[in-house]
Ligand code: NAD
Ligand code: IPM
Ligand code: MN
């Protein structure tokens, strides 16, 4: 059975890293026999240019009908003052497909521990996951307005939205080191107080899991002082956005970290957590690792395709051990030369 993958390359470095990732997937699939088909759709700024909309109806329909969705990155200065921004398309696809659980792993690869901006003894063995609520909170709350002299955003959460994301965090912790940290601002925010209440109601259903609470400001500090103290962080939309860029940096570069956005049913969407990196677009130096890891996450979680995922990951790690990496990690490789080196490793197996 051929797996259907919807491909959304997006903008700036998006098509560069998507191209790299798909070349690597093709090389690995040829060896393992993983059977898949891709269909590419316009999305983000490039879709605005082509159709006037960041999320054309045909793109949404194609994504909805696929077995999994791969997105690279959207946005950039070209559309900063456009009537519609590319980012609206991203929020719209997350909402339309009910992708409420955004899983953002932070793992320090031993091959990259020296590349962390943190001291090696602090960064080493870091392995935690941020479970970010993705379809509610201040990103979506109403009312909202922007006037010349006043603006309003609303942070709103329903009990059902909090319950399902906290449960997703506990379920993930059951497969890991059984430690959940709820990150909030319950000393100030009403929504956070409701999160704590609901977390305390749900925790007894998972007696094997240890739960603690951390205020978001203190958690931001602890991510750089004691990153190994975390296993699963569960948090609301905006806090998760901010903390995940910070956490990614601990691994050496924002350009290495993937994510899965998961709904109740239907396809998951896999994408790097970073953006379209307009500052390096067109230079051929974008780090393809975030896209490669998004692909291996897809292979594991949507297709149970462990052999293909392992093959790609082992080849990527061998390439890093050989010192082949892009400038964000302190190396001199280009996107293409790193991709070719990984493919050579894949073919060596
Ligand atoms: P960014 O994440 O694009 O870039 C931040 C920094 O990280 C830049 O210096 C960039 O060069 C570097 N970087 C990011 N990915 C890299 C990679 N793979 N290899 C090497 N270096 C990498 O953030 P930004 O510049 O604030 O945002 C640019 C645009 O991307 C904005 O329009 C923003 O809204 C959008 N954005 C989109 C997504 C998405 O598509 N999911 C996520 C975040 C931001
Ligand atoms: C991310 C991005 C998006 C977000 C933007 C581009 C809307 O920063 O996926 O982390 O804030 O969710
Ligand atoms: Mn972000």
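Cβ coordinates come from backbone N, Cα and C, glycine included.
According to TrEMBL, the feature domain 'Isopropylmalate dehydrogenase-like' maps to 4-342.
The feature substrate binding site is assigned by TrEMBL to 94, 104, 132, 217. Annotation note: residue 104 (substrate binding site) sits in a strand segment as assigned by DSSP. Taking the Cβ of residue 104 (substrate binding site) as centre and 10 Å as the limit, one finds 23 other Cβ atoms among all the protein chains shown.
Residue 139 (site 'Important for catalysis') is surrounded by 18 other CB atoms, counting those within 10 A of its CB over all protein chains shown. DSSP classifies residue 139 (site 'Important for catalysis') as helix under the three-state reduction. TrEMBL lists 139 (among others) with the feature site 'Important for catalysis'.
Here TrEMBL flags 185 (among others) as site 'Important for catalysis'. Neighbour list (residue 185 (site 'Important for catalysis'), Cβ cut-off 8 Å, at least 6 residues apart, same chain): 192, 215, 216, 217, 239.
What TrEMBL lists as Mg(2+) binding site is 217, 241, 245. Within its own chain, residue 241 (Mg(2+) binding site) has 132 as residues 6 or more apart in sequence whose C-beta sits under 8 angstroms from its own.
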Same-chain residues at least 6 apart in sequence whose Cβ lies under 8 Å from residue 94 (substrate binding site): 134, 135, 261, 269
Residue 217 (substrate binding site) in three-state DSSP notation: helix
Around the Cβ of residue 217 (substrate binding site), the count of other Cβ atoms that are within 10 Å: 12
Model confidence over the domain 'Isopropylmalate dehydrogenase-like' (4-342) (mean pLDDT, whole number): 98
Whole-number Å value for how far residue 104 (substrate binding site) lies from residue 245 (Mg(2+) binding site) (Cα to Cα): 10
